[in-house]
């Protein structure tokens, strides 16, 4: 860990949009501390822990997650990931790598949005079959894009691998057999989890696999799956 002053990552006490950020901070051996906010129980789901300070943190666009690094105060999860990644040359080097990074960064967010909408929908059980029906087609696109590369930008690890690992893992928890038809995606997951810093983090007390979503969600809202 760096001896410099720690970054502060603020987010709900869930996995959510902060998981890839936490993974990247751990992988890069960045000194950081977390400010975790707790959402209240049903039926009100009181968010006052966050709302009471939301406009007092000098954030340009107050939201969660946020990252504070000295005078730099950043919101938007992908902006946070890029900020950390730039410090470690993990945004792609060649033009081809940068294009692949940009594509997969946005594709992952589209994919994530679909799962989030399903998980928070009051019609979750009604909509779930359609999601599962379309899931193999979605995953096939990721599989074809990855091809024979080790990582999604090519042969060099970039921040989008952290994003992609997270959303593939969420879908794997949602439907445990969903990656079985895609050996290269399964190999990617194993390769990522075998990275020394990632493997150590997964085994640590700081890591939590669940809950993925907040308490008002219909799925992924419990400490265990």
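Each Cβ is built from the backbone N, Cα and C atoms, and glycine gets one as well.
Feature annotation from Swiss-Prot assigns domain 'GST N-terminal' to 5-92.
Swiss-Prot lists 11, 12, 50, 51, 52, 53, 54, 63, 64, 76, 77 with the feature glutathione binding site, giving similarity to another entry as the kind of evidence. In this view, residue 50 (glutathione binding site) is surrounded by 18 other Cβ atoms within 10 Å of its Cβ, with every protein chain counted. When secondary structure is read from DSSP and collapsed to three states, residue 50 (glutathione binding site) falls in the helix class.
The SUMO2 cross-link annotation in Swiss-Prot covers 54 (among others) and rests on similarity to another entry. Sequence-distant neighbours of residue 54 (glutathione binding site) (same chain, six or more apart, CB under 8 Å from its CB) are 62, listed in sequence order.
According to Swiss-Prot, the feature SUMO2 cross-link maps to 73 (among others), an assignment based on similarity to another entry. Other Cβ atoms within 10 Å of the Cβ of residue 73 (SUMO2 cross-link), summed over all protein chains shown, number 15.
The annotation domain 'GST C-terminal' is assigned in Swiss-Prot to 94-212. Across the residues of the domain 'GST C-terminal' (94-212), the predicted structure has a mean pLDDT of 98.
What Swiss-Prot lists as substrate binding site is 120, and the listing cites similarity to another entry. Within the same chain, residues at least 6 positions away in sequence whose Cβ sits under 8 Å from that of residue 120 (substrate binding site) are 213, 216, 217, 218.
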Rounded Cα-Cα span from residue 64 (glutathione binding site) to residue 73 (SUMO2 cross-link), Å: 12
DSSP residue counts for the domain 'GST C-terminal' (94-212), split into helix, strand and coil: 83 helix, 2 strand, 34 coil
Pairwise Cα distance maximum in Å, glutathione-binding residues per record: 11, 12, 50, 51, 52, 53, 54, 63, 64, 76, 77: 21
